[in-house]
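First the structure, in the form of structure tokens, and then the observations on it.
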Amino acid sequence: MKVGVHKLAMSAPGDVSELAALIETGAVNPREIVALVGKTEGNGGANDFTRGLATLSYQLLLARHLGLSPEEVGQRIAFVWSGGTEGVLSPHATLFTRAPDDGPMPAEPRLALGIGITRDIAPEEVGTTAMVEAVAGAVHTALAEAGITEPADVHYVQVKGPLLTPATIADADRRGARLVTRDPNGSKPYARGAMALGVALGLGEVAAERITPDMIACDMEVFSAVASTSAGGELTKCEVLLFGNAPGATSAFRIGHGVLKDAIDVAGVKEALRSAGLSFHGTPSEEQAHEIVAVFAKAEAPVNGRLRGRRTTMLSDADIHYERHARAAVGAVIASVTGDPAIFVSGGTEHQCAPGAAPIAAIVRA
């Protein structure tokens, strides 16, 4: 397996010009595209329609090149968007290609990617053990597809799935189905948490008996160390992208991960880069930073609003949601190390690392 990685700048949620140019020059074979992970400039909430616009724009472009309908493109390629480019974060997409490769095997394991898609998640299943189990099954599928046999070789599992919307709440009401909440934005923690627990269950990080209906989005001491989950109203299924290093892969990249102990943890950023194989002293030089291909992180407000003993207003600000504060802060910290603000930073860390902490993964050139 040979995985390709291309970072695409976007001037607007509907801008697909950089991918169009790569296809035109032959740098990217559209038939090898398997996934796209990106940041759009919406609010990141239940009413963020920039994610759907971005997906449709890429689907329309690829439909022309693949001879498929936009809907068929969506079934063939996983699109994962996180809304919210606060602070220095730059709207962009990271494109992944995958193809068989009979070339010489590298001495070390290289980047591998597996994808798993769940069935449709009913509104009443959002944020429940049914969602957990569905994601765990998709994780098993993705592991097999990536050719990874040891969960320890997995460094990043990105999951995007549905949250509740007014329309899906109304659908559940018509059927008399019970929901975890009636608040669309309030359903995000439940959805993100259930998906993260699905990753933990699928990778064997957590035993099944520890996951019960009443602990989802409540008992944060149960978590995955490599899950990164996002929820949006544009999806009905959960899409699982599993990244790790596999012996049979011939990619030109490696992936590693670390933990951000809080929103200003520079050491955690460097930990992820070194885990991926980037060698540097202090902070990466400009030349070394060019070897960093992509960084993916989660962001969270400090527990009780206090950051290293100092009071913050992240949790008490009535004008700006704490997730937006956190994304802006974490994005700036990471960019100060990598020198590139085109970073995937997503808010909300329910069951994703220990309370107050957040996962971070990095892809570098091998």
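Glycine is treated like the rest: Cβ placed from N, Cα and C.
Binding of substrate is annotated in Swiss-Prot for ARG51, SER82, GLY83, ARG192, SER230, ALA231, SER346, GLY347; the matching candidate from ARG31, ARG210, ARG254, ARG327 at the same site is ARG327. Mean pLDDT of the predicted structure over the region 'RU A' (1-103): 97. Same-chain residues that are not part of ARG51, SER82, GLY83, ARG192, SER230, ALA231, ARG327, SER346, GLY347 yet have a Cβ within 8 Å of the Cβ center of the substrate site turn out to be GLY44, TRP81, GLY84, GLY232, GLU323, GLY348. Around the Cβ of SER230 (active site, nucleophile), the same chain contributes VAL80, TRP81, SER82, GLN158, VAL159, LYS160, GLY161, ARG192, SER346, GLY348, each under 8 angstroms and 6 or more positions distant in sequence. Under the DSSP three-state reduction, ARG327 (substrate binding site) is assigned to helix.
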